[in-house]
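Heads up: the structure comes next, in structure tokens.
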Amino acid sequence: MEQEKIILVGVFLPNRTEEAFWNSIRELRSLTSTANGEIVDELIQKLERVNQASFIGSGKLLELAELVEMHEADVVIFNSELSATQVRNISKVVAARVIDRTQLILDIFAMRAKSREGKLQVAYAQYKYLLPRLSGQGASLSKLGGGIGSRGPGESKLEMDKRHIREKMDDIRAQLTHVEKHRKRIINRRNEQAIFRFGLIGYTNAGKSTIFNRLTHETTIEEDKLFATLDPTTRKIRFAGGFQALITDTVGFIQDLPTTLIAAFRSTLEETANVDVLIHVVDASDSDYLQHETTVLALLTELEMNHIPILTVYNKIDQITQGFIPDRPEHLLISALSSTAPTSLKQRMIELIEKNWHYFSKEISEEQGKELAQIKQRAWITKLEYLEDNKAYLVEGYQPRKEPTND
Ligand SMILES: Nc1nc2c(ncn2[C@@H]2O[C@H](COP(=O)(O)OP(=O)(O)OP(=O)(O)O)[C@@H](O)[C@H]2O)c(=O)[nH]1
Ligand SMILES: [Mg+2]
């Protein structure tokens, strides 16, 4: 697809530090290129407060209109969420599609969603975003041609009236309930298995999928793009001696995540809601890593997952800059691309298993071969000794605190 020409607009407000502002612009740039847009210009305005009518000041708006004309830009992307009125007023003056950061993120999610559930969630979030903005947007909507900010439900559907959109949303909700039920059954079955579970979480582009692939020898998409992973994937991870645990790769987090998408995250992250330990991957080479960490931890609280023990993995230490200092007590420094990463991470994972599971020591007579085989797979064995006199094995290790139940 041909790249669309984009102009970015950012408003620097007093409630932000200069550094935070520029980091958010940097992030908007990468979101834009992830959506396959070509940035041709940027317009930054420093304001005491946003202009209710047009977000930026009226003089700046004219400047923007000129820039759009000069570059023949297709889309203008604002670094904040715009109201319906603002979009309408800006669109009157500017001869390009006007979208905001939320729409851009929704758009990327729409591009990335692979599973039926992911697609449904994104479509739902897009409709939800659209609904209050629908009135009076007809003119600009009819200009949509499937480019950035308009992928997903599609033009004709976007033009349905509000009642139709509400019906559509109800329909998606019903389908989602059905899909979610199915997934809950799978999750419940997993919970019954009494298998140790790790969940990878972290800011987008931190390296979660890279780590996941190195640990499981599987390939999920790992690329230098935001939100490369959208659908959660769970796989087995094998340790020495036959012991197995599960690990789940998830969608990345981002600051100022549209509220409409947090709901979608909630069910996506349900895969990780029952894990024993969260592995929080942080891109230590990003100058903004502290803000990324804070964003992830805040979202975890919002998703009611902050009670789960966390191991922070500072990744990309091959590209670290001087300003980096690890600030979480329980952490590990790695470069996921190095050949030693899986070993050191697995070592730490074992320590976490030992810390979170229950120590046991028991004798199993040599006739109970089947039980022994089962234990070897389900528990982390630290000692296995044949006791000649007792004709039995002495087994020591760690197992779940709870015995599996059937409810
Ligand atoms: N230099 C360096 N690059 C890395 C390292 N680990 C991952 N990367 C790169 O970082 C980029 C993002 O990696 P992913 O594994 O896709 O990141 P992710 O956290 O899964 O991202 P999302 O799925 O978008 O949330 C890729 O280009 C990786 O090759 C590392 O240790 N060092
Ligand atoms: Mg990923």
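Placed from the backbone N, Cα and C atoms, the Cβ positions cover glycine too.
Listed in sequence order, Gly207, Asp283, Ala284, Ser285, Asp286, Ser335, Ala336 are the same-chain residues six or more apart from Lys316 (GTP binding site) with CB atoms under 8 A from its CB. Here TrEMBL flags 202-209, 227-231, 249-252, 315-318, 335-337 as GTP binding site.
Per TrEMBL, the feature Mg(2+) binding site maps to Ser209, Thr229. Just so you know, the Cβ of Ser209 (Mg(2+) binding site) picks up 24 other Cβ atoms within 10 Å once every protein chain is counted.
Annotation comment: TrEMBL describes 196-326 as domain 'Hflx-type G'. When DSSP labels each residue, the domain 'Hflx-type G' (196-326) comes out as 43 helix, 33 strand, 55 coil, counted as helix, strand and coil in that order.
Contact annotation for binding-site residues (Val251, Lys316, Ser335) versus ligand 2: none, no CB falling under 6 Å from a ligand atom. For the pair Val251 (GTP binding site) and Ser209 (Mg(2+) binding site), the C-alpha distance works out to 9 angstrom.
Val251 (GTP binding site): 24 other CB atoms within 10 A of its CB, across all protein chains.
Ser209 (Mg(2+) binding site) and Gly202 (GTP binding site) have their C-alpha atoms 10 Å apart, to the nearest angstrom. Non-local contacts of Gly202 (GTP binding site) by the CB criterion (under 8 A, 6+ apart in sequence, same chain) comprise Lys208, Gly252, Phe253, His280, Val281, Val282, Asp283, His292, Val296.
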